[in-house]
Amino acid sequence: MLAVQQPTEVPSPLSVPSNAPEHCPGTESELAGKSAACAGCANQEICASNTPKGPDPALPFIRERMSTVKRKILVLSGKGGVGKSTFTAQLGWAFAADEDVQTGIMDVDICGPSIPTILGIASEQVHSSSSGWSPVYVQDNLGVMSVGFMLPSSRDAIMWRGPKKNGLISQFLKDVDWGTLDYLLVDTPPGTSDEHLSIVQYLKESGIDGAVVITTPQEVALQDVRREIDFCRKVGIRVLGVVENMAGFVCPGCKTESQIFKPSTGGAKKLAEDMGLELLGSVPLDPRIGKSADYGVSFLDEYPDSPATTAYLNIIDRIKEILGDA
Amino acid sequence: MASQETPVSRRLKLIKHVIIVCSGKGGVGKSSVSAQLALSLHASSPTARVGILDVDLTGPSIPRMLGLAGHGVHQSSEGWVPVYADGAEARLACMSVGFLLKKKDDSVVWRGPKKNAMIRQFLSDVRWGELDYLVIDTPPGTSDEHLSLLEHMALVHDRLSAVIVTTPQAVALMDAMKCLSFTRTVSLPVLGIIENMSGYVCPCCGEISNVFSTGGGEDMARRENVPFLGSLPVDTELVTLLDAAEGAEGKDEKNSAQPNESAERSFRLLARYQRTSSADLMKPIVDVIMGTLPLVESSAQQP
Ligand SMILES: Nc1ncnc2c1ncn2[C@@H]1O[C@H](COP(=O)(O)OP(=O)(O)OP(=O)(O)O)[C@@H](O)[C@H]1O
Ligand SMILES: Nc1ncnc2c1ncn2[C@@H]1O[C@H](COP(=O)(O)OP(=O)(O)OP(=O)(O)O)[C@@H](O)[C@H]1O
Ligand code: SF4
Ligand SMILES: [Mg+2]
Ligand SMILES: [Mg+2]
């Protein structure tokens, strides 16, 4: 017999009060009372008090470290496996191609760090000195920090709940001796959860210059990306633009292009239009990108003449232009 | 034992097998494999009763993939009523945070504790009824959602098992290995590994390209002494099917007004799925899973 239970009300994950403004993050959200949309809302005080937390003691130290970092850029996507880490790495290599530009890459994907492998430094370890944890250097002007450098073996799983992940992210920002940087690129895991909230909160004061949002062309990815853009708007992060990855595949046999992840709802172009964002460019699917990532070499350097390289470089130029660094 | 009964174990008493689909890496096909697994199990017998629970709370894909976007969850005296993908037949019950959102593009910005509470409610408050199989689609990683699932289902641990999905690239395999380490740490029996997106047949010339490489999943299974369930090549038809599952005629949203009609239409989804090449490849995988489930579970009961 089925035990009779008290019916529990079906919750609304967003529980938006009727008097709330349009972009209310929901009173159950971690952002309740704190998001950009909350400014001026009648409930702001009550909502903000639901999450009583004093200022994080790490904040002043983070501010100090970040004072020598010129630009902070997030690479985001609601969807998994769309190429965030690959793009972050290419962006890092491309920036660091200019030896006068100091670049840092911070990998906040705690459970699935790919950055060390993609950059070919998977066997490195983090060392600490009096000035903090020293990043692992791919080359003189490209320093990297990832939890991957802290594990005894790549087989080890990190089974952490949110607070521990947040603690590590705060350490990445306050304890790592980043030095003076022109760019700090942050690779994120998919979703809109602890890692994203933490990085936004910790960097709020120092300022985030913007986010590059990566997607693939099919609707299953786009729907998650719309949610991520909604998140950016709620927390007040500027979206620099959208990058479409794995768009179209040219058969090496017959040179015909086919769509593996067909843009059944208009792809990234339509998404960018609908959301009033710029489509920064489209990178085709090229098996050599995956190979380069697996071997830890720069695709841009290995295949300078490929259409994907051209696409990557155009996107990177456009990002610099938008930031005013071109 | 009775004193240990929890609202979750009371619900799960009626569920014979729970299959958790996981992978360390994002985008390798957990949700599509979960959806295919649920469809194939449903089709495995005219009386099979299947549930699919989507615990990817910040990136739910299951409603879209099963053509149920826009549906809502109702409340009854016996709990929340899941959305049935097969309409009146009511043998394929689905639950996802996607059904609880008013606007589909809203982001759900939750930290761990909220996720934990939601997962507990999915397990304790949903009127799953009697099920032969409950397939659980998880987000990437080994974090809050996974730990919460195992915690809340501790009393039915002997009915849990996992399927690990990976793609052939080294970066994906590395995360799949972490996922396998996780299952070992928490003593979750693994039914096997599926290698997804393994090879692509050019629709024009028929040449097979290893767009994402190939073979790594099988190697890993052999090395780690875990069953290899099979490879699923890149199937563009499948992408389109799961993307636009509302039906070729397109437009979604408006259908939500007539749940019956759209449920029926979505169950044309099963018929359409069965015509894909992926369905043929999935069938032997599902047969192996159904065959090994009792064995894996009984060996899990041994101390
Ligand atoms: N344009 C491309 N063509 C072919 N393969 C690609 C392309 N872009 C990325 N890849 C490959 O796809 C896989 C997923 O990419 P990546 O790991 O960068 O995604 P991600 O969004 O960081 O994933 P996660 O959500 O797990 O962090 C990798 O194996 C990568 O090498
Ligand atoms: N065998 C396949 N061939 C072609 N495309 C596939 C295949 N399997 C999955 N896909 C497509 O790849 C995309 C990613 O798959 P899916 O959403 O199932 O991955 P996931 O592991 O659940 O991702 P996430 O980590 O974001 O939850 C989807 O658009 C899906 O339709
Ligand atoms: S203060 Fe913010 S979270 Fe609270 S009701 Fe207003 S908009 Fe919503
Ligand atoms: Mg990544
Ligand atoms: Mg998924």
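In case you wondered, yes, glycine gets a Cβ from its N, Cα and C as well.
Per TrEMBL, these features apply:
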BINDING   B:Gly24, B:Lys25, B:Gly26, B:Gly27, B:Val28, B:Gly29, B:Lys30, B:Ser31  ATP binding site
BINDING   B:Cys202, B:Cys205  [4Fe-4S] cluster binding site
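Mapped onto this structure are the features recorded in TrEMBL.
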residue: B:Gly24; record: ATP binding site; Cβ within 10 Å: 29
residue: B:Lys25; record: ATP binding site; Cβ within 10 Å: 28
residue: B:Gly26; record: ATP binding site; Cβ within 10 Å: 27
residue: B:Gly27; record: ATP binding site; Cβ within 10 Å: 26
residue: B:Val28; record: ATP binding site; Cβ within 10 Å: 29
residue: B:Gly29; record: ATP binding site; Cβ within 10 Å: 24
residue: B:Lys30; record: ATP binding site; Cβ within 10 Å: 29
residue: B:Ser31; record: ATP binding site; Cβ within 10 Å: 28
residue: B:Cys202; record: [4Fe-4S] cluster binding site; Cβ within 10 Å: 18
residue: B:Cys205; record: [4Fe-4S] cluster binding site; Cβ within 10 Å: 12
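When the binding-site residues B:Gly24, B:Lys25, B:Gly26, B:Val28, B:Lys30, B:Cys205 are checked against ligand 2, B:Gly26, B:Val28, B:Lys30 have a Cβ within less than 6 Å of one of its atoms.
The CA atom of B:Lys30 (ATP binding site) is located 24 Å away from the CA atom of B:Cys202 ([4Fe-4S] cluster binding site). In the three-state DSSP assignment, the secondary structure recorded for B:Gly27 (ATP binding site) is coil.
Listed in sequence order, the binding-site residues among B:Val28, B:Gly29, B:Lys30, B:Ser31 whose CB lies under 6 angstroms from an atom of ligand 1 come out as none at all. The binding-site residues near ligand 5, defined by a Cβ under 6 Å from one of its atoms, are B:Lys30, B:Ser31, chosen from B:Lys25, B:Gly26, B:Lys30, B:Ser31.
Following the DSSP three-state reduction, the secondary structure of B:Cys205 ([4Fe-4S] cluster binding site) is coil.
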